[in-house]
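> For 12-269, the entry in TrEMBL reads domain 'GH16'. Under the heading transmembrane segment, TrEMBL lists 51-72. Under the heading active site, nucleophile, TrEMBL lists 155. What TrEMBL lists as active site, proton donor is 159. Per TrEMBL, the feature N-linked glycosylation site maps to 163.
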């Protein structure tokens, strides 16, 4: 990487950027360079695509600059699991690998296990690679979520509801604002989530919350606070993950119980990344919401899904969605939650 970096960064193209790009474009490039320091390579490439109107040569120059920036300053806000999380429950049932990147949660008849992040955040992107309990996982729940805690807590959930062997998991999503939830949407995965690691990301900014699976959006909750619909934007949230016994409700409404003969149950997690704004009290309500290069998740680029992403989400929702609270008129006796009448995508 160092040799590659040196060849690019010391090239005539690099040296001649200021001679070949006009002032407005230089400001745009400077913005991208700063942005790449915070976002990492994946997000930088997406943003460059958004800026293709700059022209082919200039885009190549931007890419060269970003490569150099990334090479010099890899992941400014990344931290592995051992540095960013700690075990909160079932210390004898959870273990972090020596490299600090991998976590194993275990559930047996004596205990489950859980971890949480050391810091709280307000807005950002939270991702984890997760390999769920294989085989007969009925009655178990693996949770990955962010939450502020307390009676009036905000929370954004991924929960993975186990099932009997041969039956699919259920990806259960929910959001709480000021302690009120009941906004569930559920999906079957289009893959075996216990066969390999898959990326689960919560992207949360002042405009919307998006749940991603392997980079594919499956759900959006937009901010309609100006219309009286609560939105989580004032409480810092920590990231959590846990594996626990939920056989009173998780599988077929609690009809299928855990088979303890299959214990211990193990969920494996890896590469937790919180690219997010650290919450330091009320002052962060403004600081974390402002659109700056540091707060890249707040940029207009992330205020709404692209047409391509909306197409991916439509495919998931048309083929794999199994429950949507906004369509459950019987549950709400016809008095549907206000956000159900609003455009979310």
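Note: Cβ is positioned from N, Cα and C throughout, glycine not excepted.
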> Give me the Cα-Cα distance between the residue listed as 'active site, nucleophile' and residue 163 (N-linked glycosylation site), rounded to a whole Å.
25
> With every protein chain in view, how many other Cβ atoms are within 10 Å of the Cβ of the residue listed as 'active site, nucleophile'?
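By my count, 19.
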> For residue 163 (N-linked glycosylation site), which residues in the same chain are close in space, meaning a Cβ under 8 Å from its Cβ, but six or more apart along the sequence?
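137, 138, 169, 170, 251, 256 - these are the non-local Cβ neighbours of residue 163 (N-linked glycosylation site), listed in sequence order.
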> Test of understanding: give the count of other CB atoms lying within 10 angstroms of the CB of residue 159 (active site, proton donor).
19
> Compute the average pLDDT of the predicted model within the domain 'GH16' (12-269).
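Summarising the domain 'GH16' (12-269) by its mean pLDDT gives 83.
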